[in-house]
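Enquirer: My questions will all concern the structure given below.
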């Protein structure tokens with residue numbers, strides 16, 4: 001990487017104007033070289049001087065001249081040198097010159113003025129005598145040079161003067177920043193003494209951390225120190241060639257002094273707060289800790305300021321020596337004569353800064369209760385520094401890369417996005433050459449182009465569904481033409497949902513269109529509706545009370561989670577579990593089961609996993625307890641989907657079919673809660689038996705101790721009031737009309753008062769809402785056409801001698817299979833309307849509500865695959881700190897399938913028994 005870019009990427013953004021202006025000095029060097037070139041200088045003198053310098057592009061050309069080129073060699077030499085200076089094209093086609101290394105336009109910074117007389121005696125310096133430096137070093141230089149005294153004096157004098165100005169600028173800024181940071185350091189010492197954490201500064205501390213690595217090693221994640229005569233010498237790394245290619249500026253001959261070492265990638269370092277930091281004592285500790293971290297970052301950046309500028313002076317003098325044939329690097333920099341009148345580059349300055357940083361590490365170790373583990377604390381502070389630099393300079397780096405890419409072939413994020421957009425606009429084709437080209441008036445066709453998208457899996461699925469739907473439309477399946485077309489409609493939608501040839505919610509949007517096109521709606525007289533009437537009817541049906549309840553459930557869940565009500569309550573429940581792994585597992589599953597009842601089983605596993613972070617962080621992916629915990633939460637969230645009428649979309653849809661039988665929230669809880677709890681306990685026992693969790697040692701979970709605010713109490717009151725109104729909805733039906741109207745109350749109260757914003761409303765899972773709408777529309781189409789009645793009568797003849805229990809088992813297995821392989825919600829949308837019609841045709845008045853209720857509960861029991869429901873998808877994506885997944889697909893199959901069967905048994909036994917005694921038949 002070129003040093004000018006190296007300096008840009010590693011400079012503190014707020015200090016940009018105060019670093020060595022490398023680009024300006026580099027431009028000055030080439031300007032001075034141009035001035036020398038314009039004078040009539042003998043070729044031999046140039047060659048003699050060049051022979052004593054480091055080999056480079058100019059030296060190579062001059063060597064050729066000395067070897068005896070023709071008389072025009074001088075002109076060719078001048079011409080080639082001008083090409084280098086004035087940016088003519090190189091053989092690779094790139095422009096030469098330094099247009100790509102313009103000076104950085106830094107932001108104006110408001111600086112605090114500090115009197116230099118107030119600094120420590122070590123920081124006081126005398127003013128720099130430029131004339132003395134010029135005279136001294138010019139004399140030593142001119143003694144070794146031939147007859148070019150006048151030109152050399154002018155170039156040397158100008159360069160050293162500008163170099164001295166840069167040195168004074170850097171030194172002045174450093175002294176002001178050091179005074180500010182050291183004052184903060186003294187205040188920190190006083191605060192630590194007041195808390196009794198450390199003693200005075202002159203107390204001894206760990207000498208092993210005195211010698212700290214440069215900031216560039218902290219950024220790169222390595223703590224190695226390089227032994228070299230020059231501590232600021234840059235070494236090459238293993239990935240030097242890779243980044244050199246990435247930042248290739250197509251220069252014909254890259255100067256070696258432009259090369260610097262590069263850094264290896266590091267992983268991000270993060271810190272998780274634990275619950276012991278919520279009391280007063282821990283708050284003071286947190287404030288002191290943050291103060292130490294911030295001061296550590298500032299002092300390390302101050303140290304990098306020294307390193308980068310020292311490196312810059314060395315690099316720019318090396319370049320001046322090569323281009324202008326001087327010896328400034330050895331005479332000024334390596335001899336350290338140039339730095340004698342500065343404060344920033346004194347060895348005592350760097351030692352004092354290293355000492356302060358070392359003491360901060362020691363203080364941090366004492367504050368964290370690890371005085372004997374200084375190395376670990378040092379690595380932790382380095383991680384904070386790394387994260388700070390990545391965050392602070394990310395925009396700067398992106399902007400610089402974007403700027404560089406205007407003149408070079410660097411592929412930036414914007415370029416990649418543009419490339420992806422262009423690819424997105426184009427279609428890929430299979431091309432087959434024609435035997436003879438087809439000549440048209442304006443074009444000529446030589447190949448037959450067929451889009452590749454016609455041969456993908458999605459295209460094959462869609463093609464198969466279209467063919468089957470066409471066959472069903474062409475072949476008579478029912479005597480009634482409307483039922484015949486409705487059968488094709490059901491097949492088309494079911495296959496689209498099952499195969500996911502298009503997204504599930506898009507199929508939901510397609511349902512009302514197909515309903516109108518297939519002409520399956522009938523009016524009250526049994527006549528087929530026209531397109532206009534059918535469109536109004538089906539679109540009006542989609543926005544129903546069910547959708548309002550679904551939105552209310554999302555609203556309650558968002559408010560409870562966003563204002564930490566659910567999190568605080570869950571933390572107290574987990575704290576009651578103690579330290580036994582099986583008890584902690586049971587409590588975690590109980591928490592997610594309880595949360596699923598009120599904030600849906602979509603959001604509850606995410607919230608529960610965040611609460612379990614302190615338990616999972618110390619464990620890796622091989623821990624049996626961690627596997628059991630992650631899977632147990634997922635299975636419990638699946639089962640929690642049956643616990644309340646708003647716990648899952650399938651329950652909300654099912655309530656629409658249960659309402660005609662007078663089943664409200666009270667009856668729902670009476671059946672669903674015992675069944676769900678028993679299913680959860682069976683899954684808990686399965687986790688204990690299949691995972692060896694007894695050997696894991698756990699720390700006690702600490703609850704979140706906080707006082708609720710008025711807003712939190714308001715949310716709790718509104719939530720409880722809404723649930724109570726839903727429970728007694730049948731008694732107050734004359735006032736509200738339906739549960740959907742009650743659902744408006746929390747939506748208006750939370751969004752109307754500003755507790756939730758429009759952004760929160762937009763983040764609702766609208767795909768689930770649209771999917772539910774499609775299910776309602778399909779149910780309306782099937783019931784209006786009379787297809788369900790016909791199918792129910794046909795099934796009644798075959799199963800009329802079977803009991804309700806046997807029928808529940810038959811349809812229950814079907815629900816389990818569809819829920820496992822397709823979707824819990826889709827299984828409810830397709831099967832429950834059919835089950836209701838079958839139940840209504842049976843002689844037992846309780847058959848229909850029992851079958852509908854049982855199938856509604858079984859819709860949540862499909863847990864055999866990693867894709868079976870949102871909780872399973874969340875669990876399979878959970879990873880440990882190293883990025884390894886806790887669970888595999890095999891783990892889900894080996895535990896999820898038995899858990900599904902256990903839940904199935906619970907529903908057809910306990911659930912069936914309670915529903916038989918609690919539910920009333922149709923009236």
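Heads up, the Cβ atoms here are built off N, Cα and C, so glycines get one too.
Small disclaimer: the values here were computed from a predicted structure and weren't measured.
Residues or ranges marked as compositional bias 'Basic and acidic residues' by Swiss-Prot: 95-104. Per Swiss-Prot, ubiquitin cross-link is recorded for 102. Swiss-Prot lists 1-334 with the feature domain 'SPX'. What Swiss-Prot records for 162, 202, 274 is N-linked glycosylation site. Sequence annotations record features per position, and here Swiss-Prot assigns region 'Disordered' to 40-74, 86-107. According to Swiss-Prot, the feature topological domain 'Extracellular' maps to 1-461, 515-537, 689-707, 757-767, 824-849, 920-923 (among others). Among the features that Swiss-Prot reports, topological domain 'Cytoplasmic' is placed at 483-493, 559-583, 649-667, 729-735, 789-802, 871-898, with the record citing sequence analysis. Residues annotated as transmembrane segment in Swiss-Prot, with sequence analysis given as evidence: 462-482, 494-514, 538-558, 584-604, 628-648, 668-688, 708-728, 736-756, 768-788, 803-823, 850-870, 899-919.
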Enquirer: I'd like the number of other C-beta atoms within 10 A of the C-beta of residue 162 (N-linked glycosylation site), please.
Expert: 16
Enquirer: Excluding the flanking five residues on each side, which residues at least 6 beyond the ends of the transmembrane segment (803-823) place their CB within less than 8 Å of a CB in that stretch?
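Expert: The answer is 497-498, 504, 830-831, 835, 838-839, 842, 844, 846-847, 850-851, 854-855, 858-865, 868-869, 900, 904, 907-908, 912.
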Enquirer: With pairs closer than 6 in sequence left out, are the transmembrane segment (850-870) and the transmembrane segment (628-648) joined by 3 or more CB pairs under 8 Å?
Expert: yes
Enquirer: Between the transmembrane segment (462-482) and the transmembrane segment (538-558), do 3 or more CB pairs sit under 8 angstroms, pairs being 6 or more residues apart?
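Expert: Counting Cβ pairs under 8 Å (6 or more apart in sequence), the transmembrane segment (538-558) does not reach the transmembrane segment (462-482), since there are fewer than 3.
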Enquirer: Just to be sure I understand, if DSSP states are collapsed into helix, strand and coil, how many residues of the topological domain 'Extracellular' (689-707) fall in each?
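Expert: DSSP classes over the topological domain 'Extracellular' (689-707) add up to 2 helix, 0 strand, 17 coil.
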Enquirer: Near the topological domain 'Extracellular' (689-707), which residues from the same chain, at least 6 beyond its ends, have a CB less than 8 A from one of its CBs?
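Expert: Contacts with the topological domain 'Extracellular' (689-707): 274-276, 278-279, 564, 567-568, 571-572, 574-575, 577-582, 584-585, 614-615, 619, 623-625, 627-628, 894-895.
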Enquirer: Which listed stretch (462-482, 668-688, 736-756, 850-870) has the most C-beta pairs under 8 A with the transmembrane segment (708-728)?
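Expert: It is 736-756 that shares the most Cβ pairs under 8 Å with the transmembrane segment (708-728).
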Enquirer: Residues sitting near the topological domain 'Extracellular' (515-537): Cβ under 8 Å, six or more positions beyond its termini, same chain?
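Expert: 482, 485-486, 488-489, 777-778, 780-782, 784-787.
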Enquirer: When secondary structure is assigned with DSSP, how many helix, strand and coil residues does the topological domain 'Cytoplasmic' (871-898) contain?
Expert: 16 helix, 2 strand, 10 coil
Enquirer: Who are the chain neighbours of the topological domain 'Extracellular' (757-767) in space, where the CB to CB distance is under 8 Å and they lie at least 6 residues beyond its ends?
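Expert: Same-chain residues near the topological domain 'Extracellular' (757-767) but 6 or more away: 503-505, 551, 554, 558, 562, 602, 751.
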Enquirer: Taking a Cβ cut-off under 8 Å, which residues six or more beyond the ends of the topological domain 'Cytoplasmic' (649-667) line up next to it in the same chain?
Expert: 544-546, 549-550, 553, 641-642, 723, 726-730, 739, 768, 771-772, 775-776, 824-825, 827-829, 832-833, 836, 848-849, 852-853, 855-856, 859-860, 918-923
Enquirer: So what's near the topological domain 'Cytoplasmic' (871-898) in sequence-distant terms, Cβ-Cβ under 8 Å and 6+ beyond its ends?
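Expert: Residues 601-602, 604-606, 609, 616-617, 619-621, 626-627, 630-631, 633-635, 637-638, 686-687, 690, 863-865 contact the topological domain 'Cytoplasmic' (871-898) from elsewhere in the chain.
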